[in-house]
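Okay, structure first, notes after.
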């Protein structure tokens with residue numbers, strides 16, 4: 001019977017085997033390294049094609065000083081009644097990019113980076129409240145837009161749209177409220193929502209006083225979010241490529257091409273310039289000071305379309321979405337001229353269903369029942 005040593009290949013043969021394995025490993029490592037370099041280069045050089053599409057449609061980035069706020073906004077060609085768009089929290093004007101070319105043909109579009117977002121600036125002690133932000137947005141409509149406008153706002157932008165319709169009725173012809181967190185964003189109800197976790201990250205960042213890079217902080221703080229909407233363990237990968245993209249494109253918003261979910265990719269772009277004081281004010285309830293949602297809805301007299309996107313409940317009873325069915329129906333009960341529309345979509349309807357969103361706006365704003373736009377003298 002052969003011994004165990006007889007079964008082993010000669011030393012020279014074993015050496016050749018290990019040499020070949022080493023060569024294969026080296027080739028694989030080099031190939032992986034080259035692939036990473038090529039992939040990194042493609043990520044660093046990415047430019048969202050919608051930037052050019054928006055420019056080709058005639059949109060121009062502008063600034064306007066109104067009261068203590070230097071508003072950054074994008075204005076389209078004058079092809080109709082003014083339409084003011086207010087983005088969701090954590091985003092910026094570019095989250096409307098997918099609908100801007102189609103809207104340009106029928107309206108005079110203004111997309112505003114409202115306070116806490118984008119390139120809009122304001123004093124360091126600026127109050128992050130709906131009342132203050134709404135007051136200055138109203139002044140923008142008065143001084144920059146210059147005539148009564150249609151207004152559509154998503155999420156927090158929808159709440160600000162409510163404020164404008166209720167408090168500056170002479171400047172607002174009709175509004176679309178795109179899945180706003182009516183009632184659910186009021187304190188303490190907000191603590192019963194999934195969104196409160198995101199607001200807590202803003203609150204903690206603000207209280208710590210030493211967060212210089214909120215995007216990287218948010219990536220680290222909300223890893224579960226990215227596990228769900230990008231891929232498991234993606235936060236580390238996103239952090240690496242965010243740093244790389246910034247080095248290659250200083251001063252530009254972060255655009256990571258491999259993030260296939262448009263909402264997540266544009267969320268990261270928005271987080272680049274987001275002021276966590278805005279979210280912190282939601283978390284501690286101060287954002288809604290002097291802004292009671294039910295009272296505000298009661299004051300709105302213009303035609304109002306309430307878009308209600310999908311929602312669900314977590315196992316521990318938290319609302320995962322902007323409004324429950326009860327919230328939406330309660331909101332409708334306070335509107336004197338309200339229309340309700342349930343949409344099979346995630347929270348940012350204009351990103352997930354851009355063509356449907358444009359059709360909804362056209363069908364509502366351009367309907368014969370709306371009063372004619374005032375003519376300039």
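Just so you know, glycine gets a Cβ as well, placed from its N, Cα and C.
Because TrEMBL annotations are produced automatically, they should be read as predictions rather than curated entries.
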TrEMBL annotation (transmembrane segment) - matching range among 2-20, 21-39: 21-39
The domain 'AB hydrolase-1' (82-354) [mean pLDDT, rounded to integer]: 96
